[in-house]
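Chemist: Let me begin by handing over the structure; questions about it come next.
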Amino acid sequence: MNVKVAENAGFCFGVERAVDMVYKEAMRGDNVYTFGSIIHNEQVVRELEQQNVKVVNNLEELRRMPKGTIIIRSHGVSKAVQDAMENMGFRVVNATCPFVIKIHKIVFEKSNEGRQIIIIGNEDHPEVMGINGWCHDKAIIVKDEKDVEKISLEEGSKVCIVAQTTFNYKKFEVLVEIISKKRYDIIAFNTICNATEVRQREARELASVSDAMLVVGGKHSSNTQKLYEICKKECINTYYIQTVSDLNLDIIKSFHNVGITAGASTPNKIIKEVQIACQK
Ligand code: F3S
């Protein structure tokens with residue numbers, strides 16, 4: 001049997017980096033906290049708990065904790081939150097994805113130059129809230145045409161547009177186009193990260209040449225669900241599994257070419273276990 005794992009299955013670069021940083025800090029033996037769950041994967045969160053890494057959800061909770069190290073996850077936080085952590089006496093380890101830090105820098109600089117920041121993204125998403133915090137919480141946040149219609153700045157206003165890293169590129173283009181017609185002085189930065197798109201494209205390609213396809217990920221993970229749908233369209237024998245224990249080897253062994261992909265919060269270890277089980 002041939003077993004092939006998609007190159008970009010599982011964690012993206014930013015999440016992998018953040019998770020590695022947490023495990024490294026856990027080994028130092030200090031009190032270690034993450035500001036929100038580092039990833040949405042029950043197994044990883046449980047494993048980190050066993051290594052004494054606790055999740056704190058807000059500054060109030062952190063204030064009540066014994067001093068130690070606080071890790072900022074890949075989504076990033078506002079400047080005010082980061083400063084507050086330091087002022088409370090915690091050692092801050094910044095695991096914000098470098099692609100997100102780039103957006104922080106843009107909005108910080110451009111808002112200080114007097115430009116109105118427009119963030120194309122979801123206002124409730126922690127990444128967007130963090131970005132807004134780097135431009136004094138004054139950004140206009142839009143996610144669709146309806147929101148864009150409501151923007152009413154003076155003609156000639158200086159505007160800087162950025163996007164949430166996971167925003168859909170086609171939609172971003174459409175919204176920038178609409179804003180461009182409003183006679184503002186615009187600069188726009190495409191800050192979308194293509195990790196999700198690449199993962200989906202590879203999954204589709206691999207599924208199209210496989211006899212069976214395994215999609216590995218948490219049952220509540222929406223991006224794994226999406227990968228499953230993409231693969232199922234290409235390969236009728238597509239199976240959604242959470243871990244190796246869900247694998248029905250009798251069925252899998254009846255196929256010649258088996259492909260494996262995994263959602264964005266599936267650790268490499270779990271992907272590897274599935275791969276080894278198939279190859280046995
Ligand atoms: Fe991941 Fe960073 Fe892109 S966290 S999705 S590599 S912006």
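Just so you know, glycine gets a Cβ as well, placed from its N, Cα and C.
Just so you know, TrEMBL annotations are computer predictions that nobody has curated.
From a predicted model like this one, the values you see are computed outputs, not experimental measurements.
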Chemist: So TrEMBL lists CYS12, CYS193 for [4Fe-4S] cluster; which of CYS97, CYS278 goes with them?
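Modeler: Site partner of CYS12, CYS193 for [4Fe-4S] cluster, according to TrEMBL: CYS97.
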Chemist: Out of CYS12, CYS97, GLU127, THR165, CYS193, give those recorded positions positioned within 10 angstroms of SER265 (dimethylallyl diphosphate binding site), comparing C-alpha atoms, in sequence order.
Modeler: CYS12
Chemist: Could you tell me the maximum Cα-Cα distance in Å between the residues recorded as binding (2E)-4-hydroxy-3-methylbut-2-enyl diphosphate, namely HIS40, HIS75, HIS125, THR165, SER221, SER222, ASN223, SER265, rounded to a whole number?
Modeler: 18
Chemist: Which of the recorded positions CYS12, CYS97, GLU127, THR165 has its Cα closest in space to the Cα of SER221 (dimethylallyl diphosphate binding site)?
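Modeler: Sorting the recorded positions by distance from SER221 (dimethylallyl diphosphate binding site), the top entry is CYS12.
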Chemist: Which of HIS40, HIS75, HIS125 (the binding-site residues) has the most other Cβ atoms within 10 Å?
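Modeler: Of the binding-site residues HIS40, HIS75, HIS125, the highest Cβ count within 10 Å belongs to HIS75.
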